[in-house]
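Student: I have a structure I would like to understand better, so I am pasting it below and will then ask my questions one at a time.
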């Protein structure tokens, strides 16, 4: 983490000068949350729509903060109680501090963005890099205007590789994050339907994701999903000198599978560069092979050996609620409740179909958010993608998912398709039809809180098989 004196901190984009007796005070790390603040931290109070971090400065002092930033237009700064650096905007100061600290580090930074697969790719890549280098990564999915600077400020000075996830909800956000992180390698996992509600079109989503080039170093490398025709076309039309590497299922991509096998325990594939080497990922599904291809490409660009890449992928651990497989006493549950959009929902259904025919298969799908004017048609699309011969029951939850159920009834027995807006009743119905050795997929946007379905179904007796 950042370790500097107040004098050094003050010249890192803050434009505030400490008094002479404060210049040598040492800062060990940064915090914006008094609940997790540690002794010696610089406390940076952030102002939000529903909170004001300045209200908690007394608690920060009590917990041992070494100093505090303070917005100039906020009344009653705690002068005399703790060293105070007055700034125009604490959020902008946090971001400036992170950008300057990043520029002082020797670490190779790999930035990851995309509509789907960012967190899974980040986790797999970090596990691979850790086989050969001292590696840090974005914690959880802290990938926004607050999470990225906190990630950068958490990096140790001897860290060799940093994997930084970058999310967005509109144009300009990835540019801000990329200019802070200054990546050496940029990865675009894919372009999907997420953010259609905010950006309006696929072309706008591509434009937003390509903002990651804004901070990419001059000798940097862009790695992108070449299967997406519009994205590939946009990259090919760029007038820049960055190296470009693509991955995907199609053979024209630099990294593509020449063989692939999937079962319920994971996915195995080989690539043209190392035809005799099998890469195995403990995650099932074609979309996870795509994520793994991005990881291989980025790992090679970072200078890793092929055996280290193989070992890292085989032992990858993924952030909870993303293709998390939970084995209960009577059934297997696929917990994919963190987010959902049409592409990832179809991929999850594809993963469910990999289980043997003897297993009863149940899908529980919740509403997908942020689809704008295409919300109804996209929910119909998911229902139309269902293979009725490989699914025993479909339960949908929420008003939009009614359209998923309507389309699915054309492809499977209508008596096995149900839509609910009452979660307890749906859970009771699922429990009533569950057979021994059933496989249950639970997939939905975070706002639908389908993890409550997961908790109810496993009843506290499940054993975590794959994190």
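Glycine is no exception: its Cβ is also placed from the backbone N, Cα and C atoms.
The feature domain 'Mur ligase N-terminal catalytic' is assigned by TrEMBL to 26-101. Per TrEMBL, the feature domain 'Mur ligase central' maps to 112-298. Annotated ATP binding site per TrEMBL: 114, 115, 116, 117, 118, 119, 120, in sequence order. Under the heading domain 'Mur ligase C-terminal', TrEMBL lists 322-446.
Can you tell me where each of these features sits in the structure?
Tutor: In the shown protein chains, 24 other C-beta atoms lie within 10 A of the C-beta of residue 119 (ATP binding site). Secondary structure from DSSP puts residue 119 (ATP binding site) in a helix.
Summarised as a single figure, the pLDDT of the domain 'Mur ligase C-terminal' (322-446) averages 89.
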Student: Taking the centroid of the Cβ atoms of 114, 115, 116, 117, 118, 119, 120 (ATP site), which other same-chain residues have Cβ within 8 Å of it?
Tutor: 112, 121, 189, 190, 291
Student: Starting from the Cβ of residue 114 (ATP binding site), draw a 10 Å sphere and report how many other Cβ atoms land inside it.
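Tutor: For residue 114 (ATP binding site), the count of other Cβ atoms within 10 Å is 25.
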Student: Using DSSP and three states only, what is residue 114 (ATP binding site)?
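Tutor: In the DSSP reduction, residue 114 (ATP binding site) maps to coil.
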Student: Sequence gap of 6 or more, C-beta under 8 Å: which same-chain residues meet both conditions with respect to residue 117 (ATP binding site)?
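Tutor: Correct list: 189, 190, 287, 290, 291, 294.
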Student: Around residue 118 (ATP binding site), how many other CB atoms lie within 10 A of its CB?
Tutor: 23
